[in-house]
Amino acid sequence: MEANREKYAADILSIKEAHDRIKPYIHRTPVLTSESLNSISGRSLFFKCECLQKGGAFKFRGACNAVLSLDAEQAAKGVVTHSSGNHAAALSLAAKIQGIPAYIVVPKGAPKCKVDNVIRYGGKVIWSEATMSSREEIASKVLQETGSVLIHPYNDGRIISGQGTIALELLEQIQEIDAIVVPISGGGLISGVALAAKSIKPSIRIIAAEPKGADDAAQSKVAGKIITLPVTNTIADGLRASLGDLTWPVVRDLVDDVVTLEECEIIEAMKMCYEILKVSVEPSGAIGLAAVLSNSFRNNPSCRDCKNIGIVLSGGNVDLGSLWDSFKSSK
């Protein structure tokens with residue numbers, strides 16, 4: 001399906017432009033394979049290791065593109081966002097590279113390792129309550145006080161274009177891929193991947209992986225409109241956001257299916273990433289593998305014929321204490 005910028009917030013041209021813009025700063029992450037996981041799944045799996053990206057997650061691509069897209073006057077005043085996780089660290093790092101300030105509104109209770117990354121990369125942490133209304137209210141106040149530019153974690157064409165560069169690289173690295181499995185939360189990652197991949201290879205299938213405790217995307221696809229959940233409950237802290245008005249049209253039109261996973265399936269997949277692939281992956285990053293190994297995927301007619309599957313390991317920022325507790329609880 002042809003994707004154009006008149007219909008969506010990004011397109012293959014903006015994604016290619018983003019790749020040219022950010023290429024000097026990002027890692028071209030490797031694609032790993034495992035005969036053991038191929039045997040378990042009955043398919044050929046290709047793991048795009050964004051857990052090895054700068055900042056420990058795919059988010060650096062979009063944040064870097066957004067920062068580098070600012071003109072000199074905008075950049076001088078800095079950037080602001082509200083985020084509990086990897087976007088916060090990614091934007092801090094992108095701003096540091098450009099030598100501009102980054103104001104990061106972080107909700108109380110955010111994972112310590114992700115807050116530590118913000119501080120490590122020079123972001124100015126401003127605490128909020130854990131509610132979205134508090135995050136947005138404080139971010140708005142910072143905007144008024146500083147004149148900085150808001151960089152939304154996912155509902156932004158520059159962010160979507162940056163994340164889409166993952167698919168450009170993956171399809172250059174492994175041409176025979178017939179499906180890509182992508183974690184879904186706010187939809188910035190899967191929107192970029194879908195727009196790029198389906199422009200390059202229209203027959204490719206894009207499958208979203210989502211926790212059952214935060215299954216707003218699955219519900220939205222069924223309802224044909226954005227469904228927002230009042231409460232989410234999942235170990236995958238990076239997959240609790242709701243779809244945005246820029247990401248929803250792409251998810252609605254270009255994402256072929258959504259596979260929802262139990263917590264135990266996510267934890268087991270994370271263990272496999274450590275024990276078999278030998279890479280550090282957070283729960284949100286491991287959910288793509290969980291999807292491919294699930295009965296839901298195996299029995300889904302839209303997934304059954306997918307033999308060469310790309311899986312985006314989206315991030316690797318996890319508190320070691322929480323990781324250990326998760327592994328112990330799964331025994």
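A Cβ is built for glycine as well, from the same backbone N, Cα and C atoms used for every other residue.
Taken verbatim from Swiss-Prot:
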ACT_SITE  Lys59  active site, proton acceptor
ACT_SITE  Ser84  active site, proton acceptor
BINDING   Ser34, Lys54, Tyr121, Lys278, Asn317  ATP binding site
BINDING   Thr81  Ca(2+) 1 binding site
BINDING   Asn86, Gly186, Gly187, Gly188, Ser314  pyridoxal 5'-phosphate binding site
BINDING   Asp178  Mg(2+) 1 binding site
BINDING   Glu210, Ala214, Asp216  Ca(2+) 2 binding site
BINDING   Glu210, Ala214, Asp216  Mn(2+) binding site
BINDING   Glu210, Ala214, Asp216  Mg(2+) 2 binding site
MOD_RES   Lys59  N6-(pyridoxal phosphate)lysine
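Recorded features from Swiss-Prot, shown on the structure.
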| residue | record | Cβ contacts under 8 Å, 6 or more apart |
| --- | --- | --- |
| Ser34 | ATP binding site | Leu45, Phe47, Ile276, Leu277 |
| Lys59 | active site, proton acceptor | Asn86, His87, Ala89, Ala90, Leu91, Pro153, Gly315 |
| Thr81 | Ca(2+) 1 binding site | His87, Ala88, Leu91, Ala102, Tyr103, Ile104, Val105, Ala139, Leu150, Ile151, His152, Pro153 |
| Gly188 | pyridoxal 5'-phosphate binding site | Gly62, Pro153, Tyr154, Asn155, Asp156, Ile159, Ile160, Gln163, Gly244, Thr247 |
| Glu210 | Ca(2+) 2 binding site | Pro183, Ile184, Ala217, Ala218, Leu239, Val258, Val259, Thr260, Leu261, Ile287 |
| Ala214 | Ca(2+) 2 binding site | Ser185, Leu229, Thr232, Asn233, Thr234, Ala236, Leu239, Arg240 |
| Lys278 | ATP binding site | none |
| Ser314 | pyridoxal 5'-phosphate binding site | Glu50, Cys51, Ala57, Phe58, Val182, Pro183, Leu189, Gly238, Ser284, Gly285, Gly288 |
| Asn317 | ATP binding site | Gly56, Ala57, Gly85, Asn86, Ala89, Pro111, Cys113, Lys114, Asn117, Glu282 |
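Using CA atoms as reference points, the binding-site residues Lys54, Tyr121, Gly186, Gly187, Asp216 were checked against Ser84 (active site, proton acceptor), and the closest is Gly186. For Gly186 (pyridoxal 5'-phosphate binding site), the number of other Cβ atoms no farther than 10 Å from its own Cβ, over all displayed protein chains, is 26. Listed in sequence order, Ile226, Ile227, Thr228, Leu229, Thr232, Ser242, Leu243 are the same-chain residues at least 6 apart in sequence whose CB falls under 8 Å from the CB of Asp216 (Ca(2+) 2 binding site). Across the structure, Asp178 (Mg(2+) 1 binding site) and Gly187 (pyridoxal 5'-phosphate binding site) are spaced 21 Å apart at their Cα atoms. Looking only at the recorded positions Ser84, Asn86, the densest Cβ neighbourhood within 10 Å occurs at Asn86. Tyr121 (ATP binding site) is 24 Å away from Gly186 (pyridoxal 5'-phosphate binding site) when you measure Cα to Cα.
Look at Asn317 (ATP binding site): DSSP puts it in coil.
Spacing of Lys54 (ATP binding site) relative to Gly187 (pyridoxal 5'-phosphate binding site) is 21 Å (Cα to Cα, whole number). Each residue contributes its Cα atom, and for Gly187 (pyridoxal 5'-phosphate binding site) and Tyr121 (ATP binding site) those atoms are 25 Å apart.
Highest Cβ count within 10 Å among the binding-site residues Lys54, Tyr121, Asp178, Gly187: Gly187. The pyridoxal 5'-phosphate site is defined by Asn86, Gly186, Gly187, Gly188, Ser314, and by the 8 Å test on Cβ atoms against their centroid, the other residues of the chain that qualify are Phe58, Lys59, His87, Pro153, Tyr154, Gln163, Pro183, Ile184, Ser185, Leu189, Ile190, Gly238, Ala241. Those same-chain residues not listed among Glu210, Ala214, Asp216 yet with C-beta within 8 angstroms of the centroid of the Mg(2+) 2 site C-beta atoms are Ile184, Ser185, Pro211, Gly213, Asp215, Ala217, Ala218, Gln219, Leu229, Thr232, Thr234, Leu239, Arg240, Thr260.
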